[in-house]
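J.: Just lifted these from Swiss-Prot, have a look:
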type	residues	note
LIPID	GLY2	N-myristoyl glycine
MOD_RES	SER6	phosphoserine
REGION	62-65	region 'Acidic'
REGION	69-78	region 'SH3-binding'
REGION	108-124	region 'Mediates dimerization, Nef-PTE1 interaction'
REGION	148-180	region 'Binding to ATP6V1H'
MOTIF	72-75	motif 'PxxP'
SITE	MET20	site 'Might play a role in AP-1 recruitment to the Nef-MHC-I complex'
Amino acid sequence: MGGKWSKSSVIGWPTVRERMRRAEPAADRVGAASRDLEKHGAITSSNTAATNAACAWLEAQEEEEVGFPVTPQVPLRPMTYKAAVDLSHFLKEKGGLEGLIHSQRRQDILDLWIYHTQGYFPDWQNYTPGPGVRYPLTFGWCYKLVPVEPDKIEEANKGENTSLLHPVSLHGMDDPEREVLEWRFDSRLAFHHVARELHPEYFKNC
């Protein structure tokens, strides 16, 4: 697996992976802007920064130093099932996401990198609510968010060199359930849409 991901896409991934590590605190269920892209080939006036949270977030990134241009260097498009599966396997092969403590900032960096290098609008990486394991709403994305065992959190916070701003030290402040979560690869998610089974209400209009 991999296709186009295995060649040109490797450029920049080690740098982005390191940034995620250091960061401080039209598949099913993509957002409205991605559905626009799928249907019209462009984001329509019904999805603007004033009416769409993902569009507003992207606009705000232009004000920040994110380390790479916010405007994608490839055509804008919605995330598809095949692209989500390929991306999952690419990241598994290259390493860096498996077992990484999740934070919103790290997810933002990943979303922006994918948006910039592949043109996938960043409204697809959403998960089921907690507590417990959070499953991806986008079918084909093979990373779930798994709560970290309390003893592992305690071990990670020992010693004088612990950064108070590292996501593991924030004790889940990013999370509504106050759980510390990590990305975990699960190849079964390419074939079994767990989120749809657990939360069919999220898929009524898909």
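Backbone N, Cα and C define each Cβ position, glycine as well.
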J.: Could you give the mean pLDDT over the region 'Binding to ATP6V1H' (148-180), rounded to a whole number?
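T.: Mean pLDDT across the region 'Binding to ATP6V1H' (148-180) comes out at 60.
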J.: Over the span of the region 'Mediates dimerization, Nef-PTE1 interaction' (108-124), count residues by DSSP class, listing helix, strand and coil in order.
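T.: Helix, strand, coil within the region 'Mediates dimerization, Nef-PTE1 interaction' (108-124): 11 helix, 1 strand, 5 coil.
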